[in-house]
Amino acid sequence: MLIIQRCARSVQTKSNQNIPGLEGDESSTPTSPMSPSKITVAGEISFSGMWFRLLLHLSLFATPSLSLDFLFNSFTGITNLTLVKDARVDASVIRMTNDSNQYSYGRAFYPTKVSMRKTSSNSSSSSINSFSTSFVFSILPQIPTSPGFGLTFVLCNTTDPPGALASQYFGLFTNATSPSFFPLVAVEFDTGQNPEFNDIDDNHIGIDLNNIESTIATPAGYYNSTGGFVPVRMRTGQNIRAWIDFDGQNLLFNVTVAPIGVSRPLKPTLSHYIPTIGNYVSADMYVGFSASKTNWIEAQRVLAWSFSNSGPARELNTTNLPVFEPESSSSSLSGGAVAGIVVGCVVFVVICASGFYLWWRIQKAKDKEDEEIEDWELEYWPHRFSYEELSSATGEFGKEQLLGSGGFGRVYRGTLPNKTQIAVKCVNHDSKQGWREFMAEISSMGRLQHKNLVQMRGWCRKGNELMLVYDYMPNGSLNKWVFDQPEKLLEWEQRRRILVDVAEGLNYLHHGWDQVVIHRDIKSSNILLDADMRGRLGDFGLAKLYTHGEVPNTTRVVGTLGYLAPELATVTAPTSASDVYSFGVVLLEVACGRRPIETSVAEEEVVLIDWVRELYAKGCALEAADARIGGEYDEGEMEMVLKLGLACCHPDPQRRPTMKEVVALLLGEDPPEAPGKVLSDLVRGGDDFDEAAPLQPSSTRV
């Protein structure tokens, strides 16, 4: 690596022919190109007192502006990068995430901030500095069909943005609705399509300004010499060169990509004028890379990097870079070798034909059910475990590994050979005709990707028993923490955070995916807590999928008593509004520390919703708060959750808020315009929930 740092008030030169220590200077002492070298031009200069005072006077009118110019043709032996979380130097490249089946993110920054603003000597106004960077990256998934993630080039005034998450958030953002608290500009090289972020496809380049939803995006590729667009798949492991140039005077971003071996195209892949860029940069910012993933392994590598804010970034030497994409042999073969291969192929075909015939005879001897299994299981979600794998992981489904059982089946804890912990749910499905439809829905559930949903990892079938494999949640279900009086009682802030997590997950099911997912069994026992005590919605065994705008079909009533919306008793068609009702019950039971139906209390307090509504009507809603918390909560937040729970449980499904509005209220944001009167009254602090059960205003307003 070669580094040059200099002040704008110094005499600068692009030539390095006469400066000892720079590349190309035959008289300099040889230095390793892989080791960082700071170049300082030194000389003996004599100043008289008058000249010294004159230079000092002139310096008062010059704004010091630190220029940054560096080049990494390899990262071998480099130790002065700022590496965050799972980012690391691996041999000669930077690896951004880990190789495990755990959520991961990493960031790699140059340790010195780059100056992004310059102030005029005769004005207090400032302008944005230009910069130029070029780098080589490679993205290679372990499983080509797995969800994609990508990486970003980022400018940020902190190396650790607060609240940043892994998953599809590049290790920079918290969610799709909350902007970054710090000035942040990112150029994303995205290999996944997430409807929640309005991604255009699963292979695009975008510019993100304080938000994961791109301001502008375009498919990845380059324009050849004739002006034709050539797509570039970024997820094949091939080495891809990127050029990013920002013109601070014209506020113009130019981003170009092309595979190694292709000369820099004349026309950028993406060119975008951003007049508001000044709102997203600070005086000094770190430059570097950030990437993240879920439990799917994707190797995001940076192989070389150059940067300058005083001119074009220096050219990279790409001739000796490692290659990570699967190699294809193109070597020529002799005639004898070709003949040997032909003979070998003939023998191989004969053996395969004999083996196939033997296999066919064995298959014919099996019962009809086994033949039906082969008929459908190759059509659906391919992430299949063998029965032997799951049996070994769960200790042959031993009692000591049993986590729970009930009408839904049995759940076992297991450990895969790579030490990843899993939960295996065993479900009986006796309807042979319904297998294809059932597996179609299960495969759809397996493609759901959200940080607040329990991730399905795969499946296995043996006879009429289907085994679904999920991530293991070490802290169990929410109801145990709220009702079973654990050693450490959940504090109010923990409860509120878990409610926000579950609301965001349910909002994704209703509004953020390409289909509407109706969960149909939302309750505290189906809310699981991960190692960080963050809430995840699980158990999709009763879920139904519909296209957006489709009228749900009538079906049998399923769910849990106390959480079922009243309209399901007459109109047996589950909707997103019936899910909202169930979530409203969860809001109340978590805030009150009581089950939906409590038999060990006075008659008027048996039904939780009626009891809270009655207290609210009397103007003393806070008396419903869980007494075990000891009053250690924000009264405004507590009353807001209680009122929101009542609004979600409104008898009229048309007057319940949507999950988008619920999330906005829980996050303390202004929700979009509500369709009904209930939510607007709620936001203003009103109380008209139902004419049949009028509520009086409480002492604290939302």
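Including glycine, each Cβ sits where the backbone N, Cα and C put it.
Keep in mind the model is a prediction, meaning the values are calculated, not measured.
Look at TrEMBL and you will find Lys425 tagged as ATP binding site.
Feature annotation from TrEMBL assigns compositional bias 'Low complexity' to 27-36.
For 397-673, the entry in TrEMBL reads domain 'Protein kinase'.
Positions annotated as region 'Disordered' by TrEMBL: 14-36.
When other Cβ atoms within 10 Å of the Cβ of Lys425 (ATP binding site) are tallied across all protein chains shown, the result is 21. Across the domain 'Protein kinase' (397-673), the prediction's mean pLDDT works out to 84. Following the DSSP three-state reduction, the secondary structure of Lys425 (ATP binding site) is strand.
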